[in-house]
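Student: Here's the feature list from TrEMBL:
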DOMAIN    B:75-125  domain 'NADH-Ubiquinone oxidoreductase (complex I) chain 5 N-terminal'
DOMAIN    B:141-427  domain 'NADH:quinone oxidoreductase/Mrp antiporter transmembrane'
TRANSMEM  B:12-35  transmembrane segment
TRANSMEM  B:87-112  transmembrane segment
TRANSMEM  B:124-140  transmembrane segment
TRANSMEM  B:146-166  transmembrane segment
TRANSMEM  B:178-198  transmembrane segment
TRANSMEM  B:218-241  transmembrane segment
TRANSMEM  B:253-276  transmembrane segment
TRANSMEM  B:282-300  transmembrane segment
TRANSMEM  B:331-353  transmembrane segment
TRANSMEM  B:382-402  transmembrane segment
TRANSMEM  B:504-522  transmembrane segment
TRANSMEM  B:624-641  transmembrane segment
Amino acid sequence: MQQYLLSLLIFIPLIAAIVVLFVPSVFQRSFRMITLSASILQAIIFTIILSSSSADASFIIKEQTTWFSIDIGSWGILKAEYFVLLDGLNVSLVALSIGVMLIATIASWKETKNQKGYYALLLILNTAIVGSFTALDFLLFYLFFEFMLLPMFFLIGIWGGPRREYASIKFFLYTLLGSIFILIALIALYISVHDPSAVPGKLVHSFNLLTMADPKNYISNSILDPNNLWMVGPLSARTWIFLLIFFGFAIKLPMVPVHTWLPDAHVEASTPISVILAALLLKIGGYGILRIAYPILPDAAVELSWIVATFGVISIIYGALNALASKDLKRLIAYSSVSHMGFVILGISSVTSEGVTGAIYQMFSHGIISAMLFLIAGVLYDRTHDRIINNYSGLASRMPAYFVMVLVAFFASLGLPGFSGFIAEIMVFLGAFRSASANGLIHESFAIIATSGLVLGAAYYLWTIQRMFFGPFDLKGIASKSELYDLTPREYILLLPLAFSALAFGIFPQLILNWINPFAQQFIEAVLSKGASLTSNL
Amino acid sequence: MEDSFQHAHGFLQTVVLLTLFLPLISFALSIIISYRYAWIVSISAPLFLLASAVCATIALFSQWNAPDVLMKFNWFTLGKDVFSADLLISNLVLLMLFVVALISFLVHLYSVGYMAGDKNIKRYFAMLGFFTFSMQGIVLSDSLLVLFVFWELVGFSSYLLIGHYSESINAGRASKKAFILNRIGDIGFLVCLMLVWSNQHSFNIIEIVGGEPSEWKTYASLCLFFGVVGKSAQFPLFTWLPDAMEGPTPVSALMHAATMVAAGVYLVIKVFPFFTPVTLEVITIIGLVTALIGGFSALAQFDIKKILAYSTISQLGLMLIGAGASMPEAALLHLLTHAFFKACLFLGAGAVIHSLHQAQRQAHAHFDAQDIRCMGGLSKKLRWTFATFVVSGASLAGIPFFSGFLSKEALLTSVWMQQGYFSAIVFLGFAIVSVLTVLYTYRLVYFVFLGESRMVKELPVTEIPLIMRIPLTILAVGSFWFVVSWSPFDFSGWLFEYSKTRAPIELTIGSSVIILVTLFFSTKIYRSGVAHTSDVLRNGFYVDSFYNKVSLYALTPIYRATLFLDRKVIDGGIHFSVYAQVTFAHVVAWVDRQIVDGLVHLVAGVASGIGSLIRSFQGGKIQHYVYWAVFAIIIFLICVLK
């Protein structure tokens, strides 16, 4: 039992989804209870996994077995593994997924439209997300990764707002493009890598990400052989593949200029779906870059680090500027996500312990804070069905408790010390700046230019607060004033845990740094040493 | 012996931590208490702060002149790097701890009267406590990173306090401006942190400040000073401070005396050895420019609180001049004396506003209760307030026998002792600012309290309640010379342990004479009635309007452009490619329908045509068969017979 806990963690929602599909639609109310209990069960299992694991330096829990193995004659043997793993990189993200799915389920409590389909899709999405975060076999990862797309497409396209078809198709097309990039990389890597543990004389192709990360396992003269670079145009094949993986995940992240699906998807998606989208789906992008792009192609990563950093800085500033221009509250929050995910890219590109830790911390922290932000936008939308910032004024006197929650969420998001976002951003800044003297990858000016994102962040949030909460109370006729009541107990249940988490992880960062630290060290050593040795082969 | 030392250390630690955390507990309690029992807050908060002040006093007296103590705490570990949150206890820290705790307590006490009946009293006292906590954090921290944390938290608390009257649109605007301008300054601080981290790999101030000046230190200290410029409202980021007057008046008192703006100057004093000569010169120049701008602008204001705000800007500039002239002790001295008299002045101004508001409410009269043009002759009605206001005003003006005179002497001496033309200019500027200070202070006192009443009608103005008079009195007593030294003409007393420095006798005499002469002239100038003021001065040299223009004409087009880029270029590109694809699909569909299908239809048509032709041969009618048989025979015959 003990060794299958991780699989149980991944597949409990899928089992629950099947149960939901078999329960007759007459029992409408049972669906949300099933979904909720699946999430709670997941949380319990996760706690068991954490408490049972020895808290040693390299915190790793894994399950590994052969999934299938097909002999295709002279092409060798196609071998895929069922390989899931929990380590310093993904444990915080898995914790985040479980928490956010729980909150999203409670936030969906009032959903009435086709509940059976809704909850079944939510549960499938849950499995796909946790699976993506834990899969260490590229094929398995790709399977989970693709499986996220479909439920999300329907959840936006059926349960969304007025322009939901447009938004969901845009989301679908963008993500599909990313998937194709990753698929190409997957195939290229698959044909270049062989499994060293196989019987001698047999050519076993492997999808194992750890195998792919070791330069020794590349078949000589294959297209991605690091010792004998294939040139395709001006760049080597390895660099091309790095770019494919990077952009494939950058679409998910999302990174400027491949981000425009996000504002539309957020504006049209219902509150719980927005929460999942911002808090979890975006993180797959950053996670993929950290788990796949950098370790497998460290030479290309080191070579292109300044390009990666440039995209990060552009995302930070461009996202913030667009947030400043947004009139719709949800659109503003969506652009702020773009800006904040830019820090993840900048942190990764520095390949310093501060930068990488900051990037992982930022993903975790942004998960908490963006969930809170979208719930806050949802509170208003539930009451008035309007999200235009200028239509509100003087809410502070009318909804004092809501005002407090907005203050917490906004200030947490703009990086006020004491909240988790600050730790993440300061780490990214320190790492990005120190990179020049520590490993010479990116110039100091990247960090300095990125600081302007902090001022812009303060500007768009405080301007929003000023417009919506200060002054005399008015609704500009979008709804009658009596419809605006303060937070309900259910909304407190949703918002308070998030507020406290943002605070707790801002004051006691050690809570998750203990997990991240060993991973970050090993990640940096691997990328830098391999990157250096491979580049010196040229 | 070892044991007793440990015990004493533990005792000190407890007292210092209590001083730091009692305001935070006050904050937490104020948040937790339900709206129904909000009145509890106005009792609990001053008590917590009293306890905090008592702890600070105990710490001050038990540890004064003792060797510095470092209290070690680890915040978090990243890889092998430890980010510590050490607290340093030195004379400087103890003194500041005491002053902040005391003034904060007095402001809390005063607020009980001033804010009585406010419906957001919970939020008010909560943030007041948090403000104090953040400031004490700055005072105690020995880690530059932790200091930055509290530095930003001070900005956050001031944001909420300035915006306390949330129904007012101006309050929203002012609080936003304060936070953003501070944030711009904080960027400087952040860059300094990055420079320090990549060069020293440590944030402990003790480790950073040592060592020789180097190039990176010049950059880092300049960046750090930019943070100070934001927080201490120096040129060019000072414009938030006059606007911050939108907040409740006790908040202004706290902000100007002990927390917010004092934090910047305090930081300069705390990390003084970190500043390189280049930076010190920049500090002097900025300080001088700010002192002049503030002094001239204060001369032209009509709002009682704005006069004081510009006065603070000016006085902070003077402190920085002292620091720039390599005598941080002088800056500290003026910071401390300024804390008392400026808090007293603000609370006095608050008392005037409060009384006028009360009177307005009773008499149903309406006028701007902050405009000094609508006041006058209040000394007869607000005797107690008048007395404290004059005492603290005299201290601000630097009149002998008051604390402000001594601390300005110290600052002046620091400039005097420097050599060269540069310091001569600075000295001259300093003298001008001193004269200006006397002028605007007298103008303020005269317009508010002396002369004839200029109110629209006679109002039943009454003295403020006792709970507000107590803080005023204590602060006024703290504005006399004996808080600095026993001799009214020698600043090197028990506070200023700098035995080598004495003010030259000619300086003391000269400045006393100048100040008294200016005072004499100002009584003549302002007796003649309401002076006209220049628009340039009243608008603070239009720096603020300049920023508004910049944000309107520079920032707006930029974000409009990015929005355009997003909507039209990126999305436009996507839409175009999607439309192109759909159009192409339609073309393919047309080709499919018309050409491919057409060909198929053609083939089918031909086949069926031939088929129907052939089929028509076999219609089953005997006549047709006969006809075709005859026809065939004829053809055959023709062919054969030919």
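Just so it is clear, glycine is given a Cβ too, placed from its N, Cα and C backbone atoms.
Automatic, uncurated: that is what TrEMBL annotation is.
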Student: When secondary structure is assigned with DSSP, how many helix, strand and coil residues does the domain 'NADH-Ubiquinone oxidoreductase (complex I) chain 5 N-terminal' (B:75-125) contain?
Tutor: 29 helix, 11 strand, 11 coil
Student: Residue list, the transmembrane segment (B:12-35) vs rest of chain: Cβ under 8 Å, 6 or more residues beyond ends.
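Tutor: Distant Cβ neighbours of the transmembrane segment (B:12-35) are 41, 44-45, 48-49, 51-52, 55-56, 58-59, 62-63, 69, 71, 87, 89, 97, 101, 104, 122-123, 125-127, 129-130, 132-133, 136-137, 140.
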Student: Short question: which residues 6 or more past the ends of the transmembrane segment (B:146-166) have a Cβ under 8 Å from it?
Tutor: 75, 85, 120, 123-124, 127-128, 130-131, 133-135, 137-138, 172, 174-176, 178-179, 182-183, 186, 189-190, 193, 203, 205, 227, 231, 244, 246-248, 251, 255, 259-260, 263, 267
Student: Do any residues of this chain, six or more beyond the ends of the transmembrane segment (B:504-522), have a C-beta under 8 angstroms from a C-beta of it, and if so which?
Tutor: 397-400, 405, 408-409, 412-413, 416, 431, 434-435, 438-439, 442-443, 489
Student: Kindly state the mean pLDDT of the domain 'NADH-Ubiquinone oxidoreductase (complex I) chain 5 N-terminal' (B:75-125) in the predicted structure.
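Tutor: So the average pLDDT across the domain 'NADH-Ubiquinone oxidoreductase (complex I) chain 5 N-terminal' (B:75-125) works out to 89.
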